[in-house]
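What TrEMBL annotates here:
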BINDING   GLY107, ALA109, VAL110, ASN114, SER350, ASN382, LEU448, ASP451, SER452  Na(+) binding site
COMPBIAS  1-12  compositional bias 'Acidic residues'
COMPBIAS  31-51  compositional bias 'Polar residues'
COMPBIAS  57-72  compositional bias 'Low complexity'
DISULFID  CYS213-CYS222  disulfide bond
REGION    1-74  region 'Disordered'
TRANSMEM  101-119  transmembrane segment
TRANSMEM  131-152  transmembrane segment
TRANSMEM  173-201  transmembrane segment
TRANSMEM  265-282  transmembrane segment
TRANSMEM  294-320  transmembrane segment
TRANSMEM  340-364  transmembrane segment
TRANSMEM  376-401  transmembrane segment
TRANSMEM  421-448  transmembrane segment
TRANSMEM  478-503  transmembrane segment
TRANSMEM  509-530  transmembrane segment
TRANSMEM  550-570  transmembrane segment
TRANSMEM  590-609  transmembrane segment
Amino acid sequence: MEDAGGEEEETQQENGRLMLADGVGQRGPKSLTSSSGQQVSNGFTTSTPQSPREGPGTAASSGGTASGNGSSMPLGGLRTLVVQQTSLDRPRETWSKKMDFLLSVIGYAVDLGNVWRFPYICYQNGGGAFLLPYLLMAVFGGVPLFYMELALGQFHRSGCISIWKHICPIFKGIGFAICIIALYIAFYYNTIMAWALYYLLSSFRPTLPWTTCTNEWNTANCNRYMSTDHNVSWSNSSTSPAEEFYTRQVLQVHLSPGLHQLGSVSWQLALCLLFIFTVVYFSIWKGVKTSGKVVWVTATFPYLVLVVLLIRGATLPGAWRGVVFYLKPDWDKLLSTTVWIDAAAQIFFSLGPGFGVLLAFASYNPFHNNCYKDALVTSSVNCLTSFLSGFVIFTVLGYMAEMRQQNVDDVAKDAGPSLLFIIYAEAIANMPAATFFAIIFFLMIIMLGLDSTFAGLEGVITAMLDEFPHILVKRREWFVFGLVCVCYLGALSTLTYGGAFVVKLFEEYATGPAVITVVLLEVIAVSWFYGTNRFCNDIQVMLGFYPGCFWRVCWVAICPCFLLFIIISFLAFPPEVKLFHYQYPQWTTVLGYCIGVSSFVCVPAYMIYHLLNAKGTFRQVPCLLKTRLTHKNPVSAIFVALPT
């Protein structure tokens, strides 16, 4: 830049962006244009200043002023500074409609856990009293993390790997860790949809197969307990036909003694999973243009089914018993740390920050999209859906308790998938038009899972395409095909007779602690190293307003404490994992932790690699020291200055 008004500033142009001498990059649409509304450096068209910080002199014509680092100065011989886009990369794909993005985020956040985990956690931890810690954890932990990831993805327009070259390159291993965790989740999560598909196909018959005890898989303990069988008594040793259909026909866990001997692969489930992955492939192979259309069905249909099931459940005898049990507050439970741990974990895994999905989805938004409002709307919809699902589940549990003449807590002893595939399936079998309700219910389960799978794999695809664009962008269809094949092969262990044990191991140990640790590092990197002030300035450039004090305090202090609280609680009170007859031995716990560490280990590994390959780093110590003394965020200066 030329000398103007006696003041001299050093700037350098990099990929169409203005990089100031203090190391702070003015990213986004902050390039200078004339007032005629021509295209600016990042590909957007404007006729007005892009940020309140730029002032009216940013797009200056002759005789105007130009803004450098926030202060205006008169133009001398130079009337206009034009920053041109020199990159020949193709323009980034965007959503066809705003609603495509919202439905995709809602479909990702609202998954199977909203239907089975929240109702169980809620009644187990004090009923209505649990809503207090749940809402507090959402307001101070979950929603700020949700907002942060949407803002990061939309501003930097990058996936979870390449985004770190803009934030803090030494933390790039976080992006690779996120991709590995997403693969681990794909290995077991889609198997649950394969179970639901098996149920769906079994529903197309006049008599549902989990309503009778005369099938080849049934045992002598099977007790057919329909609403019309008043002369049948239920004992603790009794098993329902729905339970035996699930454990002995679908899963066939009775053929496996445990993780040390999984048995062979179930060919029926293998075909079901193959169909699921085929649907996934043809939904995401072309990008958000196709997946954004698919979610109009997969994200909205579950709400229609939930409303239908709620209306039907509310008309069943004994439904009120389930609702009272669900919402009756037990305030003494709030004195237990377990309640607060469960609330924190539930809101975190429900909203789903840290999986790279929100970064990927937001990166396809227009630069000035109001992601702040999107974060509030989608997170609110997610929490309300969890609350609604509780009524859908517990009206039916009250009906089952009335039928069996038992307490609701005895009926609701099953958690996780068993709540859906045993208790709810049996309740549906007792309803009039049972075949119809079974079909729409298991269709809902499949669609809830598909949305999350679309999102999880899109997070990986976006990250890899952004990191290796010259290799993968033109070969997206083949890359997606290879990724789906890897996920299918990785899921084969979950299709064995002991596959349910593998699913539980992945869910409890392999992915949960790893992703929370990764998100903790992500928050620290953004808030402490990149700097909250710089991040808030980015949001102001993008949205036109500066985040309030509440959000800044949450990002700097409350969110890290929130995540650290979950990690410490998990280490101090590890879950006691048991599934059906199998009590997980100690070596399986070590195995689960090893799988989780295998994804997380790439974070320190990349830090070491980055430092070893930072050419001339030690020769640049005087320069780095000078940068640290002049940088607005001293903690982050040396990390930002390291070579990328």
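Indices start at 1 and increase along the chain as displayed.
Just so you know, glycine gets a Cβ as well, placed from its N, Cα and C.
TrEMBL entries are annotated by machine, without manual review.
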Which of these recorded positions has the least crowded Cβ, counting other Cβ atoms within 10 Å: VAL110, CYS213, CYS222, LEU448?
CYS213
Check for me, if you would, whether the transmembrane segment (101-119) reaches the transmembrane segment (590-609) - at least 3 Cβ pairs under 8 Å, residues 6 or more apart in sequence.
no
Would you mind ranking the binding-site residues SER350, SER452 by how many other Cβ atoms sit within 10 Å of each Cβ and giving me the lowest?
SER350
Using a Cβ cut-off under 8 Å, which residues of the same chain at least 6 positions beyond either end of the transmembrane segment (265-282) come close to it?
190-191, 193-195, 197-198, 201, 250, 252, 290, 446, 450, 453-454, 457, 480-481, 484, 487-488, 491-492, 495-497, 499
Which whole-number value in Å describes the distance between the Cα atoms of CYS213 (disulfide bond) and LEU448 (Na(+) binding site)?
31
How many neighbouring Cβ atoms, not counting its own, are there within 10 Å of the Cβ of GLY107 (Na(+) binding site)?
26
Interface check, the transmembrane segment (509-530) with the transmembrane segment (478-503), three or more C-beta pairs under 8 A:
no
Could you state the CA-to-CA distance between SER350 (Na(+) binding site) and CYS222 (disulfide bond) to the nearest Å?
36
Can you give me the Cα-Cα distance between CYS222 (disulfide bond) and LEU448 (Na(+) binding site) in Å, rounded to a whole number?
31
So which residues does the transmembrane segment (550-570) touch in its own chain, when a touch means Cβ under 8 Å and the partner is 6 or more beyond its ends?
137, 140-141, 144-145, 147-148, 337, 340-341, 344-345, 348, 512-513, 516-517, 519-520, 523-524, 526-528, 532, 535-536
For the Na(+) site given as GLY107, ALA109, VAL110, ASN114, SER350, ASN382, LEU448, ASP451, SER452, which other residues of the same chain have their Cβ within 8 Å of the site's Cβ centre?
ILE106, TYR108, ASP111, GLY113, GLY352, THR385
Taking the transmembrane segment (376-401) as reference, which of 131-152, 294-320, 340-364, 590-609 has the most Cβ pairs under 8 angstroms?
294-320
Tertiary contacts of the transmembrane segment (131-152), as residues 6+ beyond its ends and Cβ separation under 8 Å:
122, 125, 163, 167, 334, 339-340, 343-344, 346-348, 350-351, 353-354, 358-359, 361-362, 371-372, 374-376, 378-379, 383, 387, 519, 523, 526, 535, 538-539, 542, 551, 554-555, 558-559, 562-563
